[in-house]
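*Asks:* For GLY63, TRP65, ASP83, ASP99, ASP124, the entry in Swiss-Prot reads S-adenosyl-L-methionine binding site, with the evidence type sequence analysis. Among the features that Swiss-Prot reports, active site, proton acceptor is placed at LYS164, with the record citing sequence analysis.
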Amino acid sequence: MSGIKRTASSNRWMLEHFDDHYVKLAQKMGLRSRAAFKLEEIQQKDQLIRPGMTVVDLGAAPGGWSQVAVKLAGDRGKVIACDILPMDPIVGVDFLQGDFREDKVLQALLTRVGDAKVDVVLSDMAPNMSGSDSVDQPRAMYLVELALDMCHQVLAPNGCFAVKVFQGEGFDEYMKAVKAVFKVVKTRKPDSSRARSREVYLVATGYKL
């Protein structure tokens, strides 16, 4: 390991992470990640999840969003989560580990959803970042396209969709695609999202197809 040097950007990320107010608060509150606060802020503004709803959480690990979703959906609700990474169990969450880009994983996820329609699709998916926009942005846009396709397959009429998108090439076209199938689409930048990050969240309500 002595021959491996950390880059300035990775060192900066480590310093930011461990000095981050939301990281410390998440640890104090027993939340799995600081990302939980992003969904909580979106929920406060847009009221996406209500008791009894069925929610699909894509890119769920380590479980911050699933923790929030299962609390909001309550005992009568259902949360189905998926991630390529492992996730420790959460009471009330049906977790599938697998690569959402693979058809066999999609089919397994659809099997868990069953015949009932889903009320909310959440996606906090992001690719492993290489540091090259020309590589990272297409990968990120591919994931959000898959998340929108999931909406087309499982979302109930008037259902909701919240998805992390990185601003850059393909963003405007994706926004148009989301607006074409939802009645209202808002762009959110939660306070808990790092200011220098290009990530925003599209919050779409009133699914039309």
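Placed from the backbone N, Cα and C atoms, the Cβ positions cover glycine too.
Neighbours and distances for these, please.
*Replies:* All protein chains included, ASP83 (S-adenosyl-L-methionine binding site) registers 22 other Cβ atoms within 10 Å of its own Cβ.
Taken residue by residue with DSSP, LYS164 (active site, proton acceptor) is part of a strand. All protein chains included, LYS164 (active site, proton acceptor) registers 23 other Cβ atoms within 10 Å of its own Cβ.
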*Asks:* Tell me the coarse DSSP state (helix, strand, coil) of ASP83 (S-adenosyl-L-methionine binding site).
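*Replies:* Its secondary structure by DSSP: strand.
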*Asks:* Measure between the Cα atoms of every pair in GLY63, TRP65, ASP83, ASP99, ASP124, the residues the record assigns to S-adenosyl-L-methionine, and report the largest value in Å, rounded to a whole number.
*Replies:* 18
*Asks:* Among all chains shown, work out which of the binding-site residues GLY63, TRP65 has the most CB atoms within 10 A of its CB.
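*Replies:* Of the binding-site residues GLY63, TRP65, the highest Cβ count within 10 Å belongs to TRP65.
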*Asks:* Under a three-state reading of DSSP, tell me whether GLY63 (S-adenosyl-L-methionine binding site) is helix, strand or coil.
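*Replies:* Where GLY63 (S-adenosyl-L-methionine binding site) sits, the three-state DSSP reduction gives coil.
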